[in-house]
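*Asks:* Below are the features I grabbed from Swiss-Prot:
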- 1-28: signal peptide (SIGNAL)
- C87-C203: disulfide bond (DISULFID)
- C220-C228: disulfide bond (DISULFID)
Amino acid sequence: MQLSVTHPCCRTLILLLVSNLLLWESEAVLPICSVRNGRCFGSFEELLERAVSLSEEISKKAFELFTAFDSQYAQSHQLIVKSLKKCHTSSLDLPKPGSQAMQTHPVTLLKLASKLLRAWQVPLNHLVNNLPSLKNVSPSILSKAKEIEEKSNGLLEGVKSILIQMQNGDTEDENYPGWSGLASLKSETEDIRLFAYYNMIRCEGRDTQKVETALKMVKCKISNENNC
C-alpha cells in the first residue's frame with residue numbers, strides 16, 4: 001500500500017528529517033552525514049576535512065574578536081601593561097615539534113582537541129551571557145562571541161564523531177580543566193571585569209589555534225605524510 005505525504009506517519013518522518021537537518025546546520029557541524037542515536041556520521045575523510053575547516057573558521061573569528069576587544073578597551077584601560085593571568089587550560093599543550101609530535105597518535109591529538117573544546121563550553125557560555133553588561137560594547141563583539149560559541153559546540157560534536165569512528169565506540173574523556181573566572185566577570189569594579197574579559201578572550205584565541213593545529217596534525221598523519 002502506498003502512503004501519501006499527508007499520512008500521519010509520513011508527516012512525522014518528514015518532520016524528523018527536517019529537525020535533524022536544522023540541528024546540524026544550527027550547530028555548524030558536518031553537513032554530509034547520517035544521524036544515528038543523535039550523533040552525526042559521515043565518511044571519516046568528510047568528517048575530518050569539515051572539522052579542520054571549521055577549526056580554521058573559529059580561529060579566524062577568535063582573532064577578530066580579540067582584535068576588536070583590544071581596540072575598543074585595552075588601550076584606554078591599560079590592560080596590556082597588567083600581568084596576564086595563566087589560562088585555565090595551560091596544562092593542555094600540543095606535543096613539541098620533532099620526534100614527540102611524530103610519535104603522537106592521532107587519537108591522542110583528537111582527545112586533546114576534545115578536552116580543549118569541552119574546557120571552553122562553560123566559559124564561552126558565560127562570556128556570551130555577560131558581555132552585554134559591558135559599557136558601550138559593540139554589536140560586532142557580541143556577534144563574534146556568539147558565533148565562536150556556536151561553532152565551537154558544533155566542532156566538539158564533530159570531533160566526538162571522529163573519535164567514535166576511530167575507536168569503534170563512544171569513549172568520551174571527561175577529564176578536562178575546570179574554569180573559575182565567573183566572579184571576576186561579575187565584579188562590580190569595571191577594570192577587574194575588563195581585564196577578566198581581556199585575558200579570557202586572549203586565552204580562548206590561543207586555544208582555538210591549538211585545536212586547529214591538533215586537527216591538522218591528525219589530518220597529516222592520516223594522509224601518511226612524513227613531515228608531521
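Quick reminder: no glycine exception, Cβ is built from N, Cα and C everywhere.
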*Asks:* Look up C203 (disulfide bond) in the DSSP assignment and report helix, strand or coil.
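*Replies:* C203 (disulfide bond) sits in a helix per DSSP.
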*Asks:* Identify, in sequence order, the residues in the chain of C87 (disulfide bond) that are 6 or more apart from it along the sequence and have a CB within less than 8 Å of its CB; answer 'none' if there are none.
*Replies:* N199, R202, C203, R206, D207
*Asks:* Could you tell me which of these disulfide-bonded residues, C203, C220, has the greatest number of Cβ atoms within 10 Å of its own Cβ?
*Replies:* C203
